[in-house]
Amino acid sequence: MGSGPLSLPLALSPPRLLLLLLLSLLPVARASEAEHRLFERLFEDYNEIIRPVANVSDPVIIHFEVSMSQLVKVDEVNQIMETNLWLKQIWNDYKLKWNPSDYGGAEFMRVPAQKIWKPDIVLYNNAVGDFQVDDKTKALLKYTGEVTWIPPAIFKSSCKIDVTYFPFDYQNCTMKFGSWSYDKAKIDLVLIGSSMNLKDYWESGEWAIIKAPGYKHDIKYNCCEEIYPDITYSLYIRRLPLFYTINLIIPCLLISFLTVLVFYLPSDCGEKVTLCISVLLSLTVFLLVITETIPSTSLVIPLIGEYLLFTMIFVTLSIVITVFVLNVHYRTPTTHTMPSWVKTVFLNLLPRVMFMTRPTSNEGNAQKPRPLYGAELSNLNCFSRAESKGCKEGYPCQDGMCGYCHHRRIKISNFSANLTRSSSSESVDAVLSLSALSPEIKEAIQSVKYIAENMKAQNEAKEIQDDWKYVAMVIDRIFLWVFTLVCILGTAGLFLQPLMAREDA
């Protein structure tokens, strides 16, 4: 039974378990006791205000590097760039050296940053908040006296935003770090690497970092005689334009191309001006949206603002031209007389240039009125009741075969030759001039003459109205092509500017 699986646990009595626990905690206690002694020894007479140099004339060499964690936001309106950075600072403090063998082999020690001397490195072009970083993080001490402090900080730095090519713009935002109170004789900065550390960078959804080189400068300011060193990072960023392309540029392009269709819309539908004004109102709404996303500056006009302004002028001109076209379209002979040059240019020349064909008129194929001949004039007389009573037989004349009609036909035959060479109205006048015609026939012929002249006047007026409508159609077609070319060339010219500027740079 003692050889069973429960024999080992049963052999460990409570005193033995307590002894094993104490033995396992002994190294930890030794390490904690060693670190405690080390901490007490290091900071027994340590003053965090005094520079850690053996000779007062020696500068403290600060190795400095900035790591970008996140590009939080770029505020174009207030011209502020918000970033999340890690500021790596390394220097040597001769007061914080120890022999690891005297303290249980401890080579490193982490202490609160408030306990040690730190360089007062600030962001010179800070726009909002504290200029210095928070010192609540701990610093790493090495037995050689090397101190490494990497505090995180969120900075809101001033950045001059150039919105000339918005939303296809590139920005150059600088971040200038340096000691605020120590000059180069007290603190000297050394740049770690040649650019900002982007290994832990979290990609932004709106901006892409092209490069971030760093430079060291020694500057003498007007306030002081000493030289102050600083390390400046130039952050070159490019805006990702996908959001603005989908939500702003493409709708504006589609709306602007609707302006071209105004000139293809027939004038008789009565919706040309309505379409123009609708496009103008839509662009106005887009302009109001854009003004909230660009800086409130009068130095430059952003690219999207130029395009909207171009399109609004474009639409306004289309409204003016449409009103003029409608004025031409509804002109009549009673209000306007078409000049000869208008007929030549807009009815003959420009339609051929614009490849416009007008349906041919059927007036040439229509049967012209035939003048009345002598026999027909005599028959008109014989058909009258008054003259039919004059027939010798006393019966109505049929087909003009009675003797009396035959006598009248010979009498008026002398007028036939002249009447055949006259117009229809002249023939009617000739008929009316014959005293032999009865009053009923004269009245009927006068009525026919009135109707014919009225119809002829209406046809002539309709032809003139059709000419004015065709002139308006030609003007519409001209501006259709003109506005199409201007819209395409203007759009391409505006949005190719960032590409050309990038190549020049």
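Placement of Cβ uses the backbone N, Cα and C atoms for every residue, glycine included.
On a predicted model such as this, the values are computed, not experimentally measured, just so you know.
Feature annotation from Swiss-Prot assigns signal peptide to 1-31; the stated evidence is sequence analysis.
Annotated topological domain 'Extracellular' per Swiss-Prot: 32-250 (among others), in sequence order.
Other C-beta atoms found within 10 angstroms of the C-beta of Asn55 (N-linked glycosylation site) number 6, with every protein chain shown included. Feature annotation from Swiss-Prot assigns N-linked glycosylation site to Asn55 (among others).
The N-linked glycosylation site annotation in Swiss-Prot covers Asn172 (among others). Of all Cβ atoms in the shown protein chains, 13 besides its own fall within 10 Å of the Cβ of Asn172 (N-linked glycosylation site).
Per Swiss-Prot, transmembrane segment is recorded for 251-266 (among others).
The transmembrane segment annotation in Swiss-Prot covers 269-285 (among others), and the record cites experimental evidence as its basis. Sequence-distant contacts of the transmembrane segment (269-285) (same chain, at least 6 residues past either end, Cβ-Cβ under 8 Å): 252, 255-256, 258-259, 261-262, 308, 311-312, 315-316, 318-319, 322-323, 325-326.
Across the topological domain 'Extracellular' (286-307), DSSP classifies residues as 10 helix, 0 strand, 12 coil. Marked as topological domain 'Extracellular' by Swiss-Prot on the basis of experimental evidence: 286-307 (among others).
Annotation comment: Swiss-Prot describes 308-326 (among others) as transmembrane segment.
Residues or ranges marked as topological domain 'Cytoplasmic' in Swiss-Prot (evidence: experimental evidence): 327-474.
Positions annotated as phosphoserine by Swiss-Prot, on the basis of similarity to another entry: Ser413 (among others).
Per Swiss-Prot, phosphoserine is recorded for Ser416 (among others).
Feature annotation from Swiss-Prot assigns transmembrane segment to 475-493 (among others); the stated evidence is experimental evidence.
If you look up Swiss-Prot, you'll see 494-505 (among others) marked as topological domain 'Extracellular', on the strength of experimental evidence.
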(message) Same chain only, please: residues at least 6 beyond the ends of the transmembrane segment (308-326) with a C-beta under 8 Å from a C-beta of the stretch. Say none if there are none.
(response) 252, 255-256, 259, 262-263, 267, 272-273, 276-277, 279-280, 283-284, 286-287, 290, 301, 472, 475-476, 479, 483, 486-487, 490, 494
(request) State the Cα to Cα distance, in Å, between Asn172 (N-linked glycosylation site) and Asn55 (N-linked glycosylation site), rounded to an integer. (result) 41
(request) Quickly jot the same-chain residues contacting the topological domain 'Extracellular' (286-307) by Cβ under 8 Å, restricted to those at least six beyond its ends, or write none. (result) 76-77, 79, 161-169, 244, 248-249, 251-252, 255, 491, 494-495, 497-498
